[in-house]
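Asks: The following block contains the structure, expressed as structure tokens.
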């Protein structure tokens, strides 16, 4: 068995009958997964097992966000329609259906005391809910775009929200107002997390950085160097010694005072959806289409807890002598100790002793009326597929813990390529009487087949299938003729290379022209130049840049680019359609109200050239949007993230009526 592997893929399984939209891990044990999908179901799984533990039904629209309670006793799920459902996993029943959001819910979190939860939505609002009595207690308004993440502070007095507008907002629950805006990110903020003890907040963004914030004075403590891809997930170590950051196919470990990358671990998880820690292992999960995958990182082999120190410059560790190695390890340990001695104040996380003091932590004014359940609760149901595992996890004999009562063992890495595991044959039993006798000794290792006698290919695929076949004779390349030579094979493989190289060179040349105009400061001229090239790939590249920098959009750019977006909606490439939809969503959010107000405003007195020009552009935009609307409707049944994006656009377009 491997003794050096730091990260490995644990499993991959089909989680839903249609596209998976969201995944979350339990933070207490890290051994239970909850998933939500387009099939409107919420499914629970045990990490490392392929069979569904239970299925929760009742939502009438796709599930967009899920979250476990702190003790793994509850699950909350938010849907595309803006409805929340809270399930009690111990009692196997639904606790409440809550409605109030007008658009898809993107993030959820439970209060440390369990009686409340918060939600962030594409409708730009953050809501605080009393899941036992009152429904929605308060709505926090202030984000200019969708809310990607919400988190309660460890003492339950604040809510941090991260938005597509690039802002992190801190809300005071008791006062019902905003405390501050944290504004140094240059792109959408995807995730926020509080330090488990100290008054410290971390935020990860599409600008590819993690920033740390001091919550005593609301100043930025430090920031990481830019990664190559957006930061999707972050998590503080339970002891608060470091922070783990998940990006595409990579896990990094950071300190913040001073800012330092302890370690960088390649993990082939794609866009990581959630991470948790248990048994000195970090568990990560991601999803694609109908599948969910889980991954394990052995923290005993990761700095600053163990293993080889991280080399920022890619220097060769083997060139160091043993004294240098121990010096590096001692420096890491001393810097870790210094971080623990930092004098930053801590959260007071003791639960209030009385109901009245606990109630004082939520606003007493502006309490909204209990929401009426719009979703049909008759459809709410539990389907427990594995009763034994369900009882062990959610109905343990001891009421002090909701994690499995049996001893949890860490996951073992798979064998390396060079490892040989013995084939252990089961001992004969009464139920195995008809089994064929075993000729090989039980301890005999698996023997790889000889190159001269390859294993039978059961897939029915032959390498010759990928080579061109000519009809008849020994001059052809069919399986009955001669095997092509190396030069002939290379010639076949490279036959389309030159054409593709010319296409990419032409595209690069066009982008250089657009970039030169862009850097000169005239964005409108650069956009006009890209449009005149009549190259859809250049338009898509330009839209991707503008989508990351939503502040660059203007009414002028909308009127220029909407016809191009309309053309891209007919593309056969999903990436082109996705870029067009992202741009369309930004335009509708930022300029939809402007277009509508200008078209419905009464005529002005006298001559107002600027108003007439603005009206002309708004009219042009409205006509293009009407043409695009029919194309969006025709793609309404598209599955996956693109389908979700199209449905969001339909909701935004409805406000233009």
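Positions of Cβ are set from backbone N, Cα and C atoms, glycine also.
Here's the feature list from TrEMBL:
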REPEAT    13-45  repeat 'WD'
REPEAT    56-97  repeat 'WD'
REPEAT    98-139  repeat 'WD'
REPEAT    140-181  repeat 'WD'
REPEAT    182-223  repeat 'WD'
REGION    342-483  region 'Disordered'
COMPBIAS  366-381  compositional bias 'Acidic residues'
DOMAIN    496-653  domain 'Katanin p80 subunit C-terminal'
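How buried are these features, and what lies next to them?
Replies: Outside the repeat 'WD' (13-45), and at least 6 residues removed from its termini, the chain residues within Cβ reach (under 8 Å) are 51-57, 59-68, 70-72, 75, 77, 79, 85, 87, 89, 273-279, 281, 283, 285-292, 294, 393, 402-404, 408, 639-641, 643-644.
Counting same-chain residues at least six beyond the ends of the repeat 'WD' (140-181), those with a Cβ under 8 angstroms from any Cβ of the stretch are 103, 106-113, 116, 118-128, 187-197, 201, 203, 205, 207, 213, 215, 218, 347-349, 360-363, 365-366, 550, 589.
Residue counts for the repeat 'WD' (182-223) by DSSP state, with H, G and I taken as helix and E and B as strand, are 0 helix, 24 strand, 18 coil.
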Asks: Can you give the mean pLDDT for the repeat 'WD' (98-139), rounded to a whole number?
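Replies: On average, pLDDT over the repeat 'WD' (98-139) sits at 89.
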Asks: Counting each residue once, how many in the repeat 'WD' (56-97) are helix, strand and coil under DSSP?
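Replies: DSSP classes over the repeat 'WD' (56-97) add up to 0 helix, 24 strand, 18 coil.
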Asks: In the repeat 'WD' (98-139), how many residues does DSSP assign to helix, to strand and to coil?
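Replies: Across the repeat 'WD' (98-139), the residues distribute as 0 helix, 24 strand, 18 coil.
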Asks: May I have the DSSP-based helix, strand and coil counts for the residues of the repeat 'WD' (13-45)?
Replies: 0 helix, 18 strand, 15 coil
